[in-house]
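Participant: Not my notes, these are from Swiss-Prot:
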TRANSMEM  2-22  transmembrane segment
TRANSMEM  45-65  transmembrane segment
TRANSMEM  67-87  transmembrane segment
TRANSMEM  99-119  transmembrane segment
TRANSMEM  121-141  transmembrane segment
TRANSMEM  154-174  transmembrane segment
TRANSMEM  180-200  transmembrane segment
TRANSMEM  225-245  transmembrane segment
TRANSMEM  274-294  transmembrane segment
């Protein structure tokens, strides 16, 4: 009984820390494009983010129940993910929690893992940002050419951008949060506390990764909205195909797509190369650590 209680308390501490880091890193998914376009103040964006995350946590129980049935090696996977996410956040690089967790679990269960399925997932991780680039390029090119006054009203587009930011933040609370906490609890109170830790991470360190996204290319309110929309559409396409993909990678693809419409030189390739480098390295680190632990046991 004491062993179980200690294990749950340890999972709780690690989970809250991971959510804190998740907030610091993935807040950029929700408000990074709005921040880059100066749609409103960063303080207002953080308030919008926090409200949306906490509301999302109220709808997290179903996902938490599903994750709760798949809790094998959960504590070890959480520790590995916390380490890798901390490193990525320190490097100011947006990283997907799902890619890190999946790779850590592959490493921990290397002997029994279905590598064919992992290959399909890996392919979806590569293709999703590319699809987002294509969608964003097409949509923004079309937007620049159309002459419909209502679609050119910045105030209206700003509202759309803020709504899309709220939706992404809601999904962090309703989906990513229970991915972390659902391995050992489905308590609504714990989910709300977890949401507070997530918001705290965003408030204290979220500007680091958001600034990185804002450096990829210059964004207006309209291009920021199309980048966010394109990333969302790319994720929706792969979700419909049953493939887990990274919202982080898709949104970066969307930003790149709108940047390319203005010319290759408008994209800061050094920033983008650093992001892609860590997209490759971070999951590999998680996989290797998991594999080493697998061999030691």
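The first residue you see is number 1, and the count goes up from there.
For all residues, glycine too, the Cβ spot is worked out from N, Cα and C.
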Participant: Report, as numbers and ranges, every residue of the chain located at least six residues beyond the transmembrane segment (154-174) whose Cβ falls under 8 Å of a Cβ in that stretch; write 'none' if there are none.
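Facilitator: Non-local partners: 22, 26-27, 29-31, 33-34, 37, 39-40, 45, 48-60, 63, 195, 198, 221-222, 224-225, 228-229, 232, 247.
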Participant: How about long-range neighbours of the transmembrane segment (99-119): same chain, 6 or more residues beyond its ends, C-beta under 8 Å?
Facilitator: 72-73, 76-77, 80-81, 84-85, 125, 179, 244, 246, 279, 282-284, 286-294
Participant: Might you confirm whether the transmembrane segment (180-200) is in contact with the transmembrane segment (45-65), defined here as three or more C-beta pairs under 8 A between residues 6 or more apart in sequence?
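Facilitator: Output yes: the transmembrane segment (45-65) sits against the transmembrane segment (180-200).
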Participant: Which residues, given as numbers and ranges, are at least 6 beyond the ends of the transmembrane segment (274-294) yet have a Cβ under 8 Å from it?
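Facilitator: 76-77, 80-81, 83-84, 87-88, 91, 93-95, 99-111, 212, 216, 249, 252.
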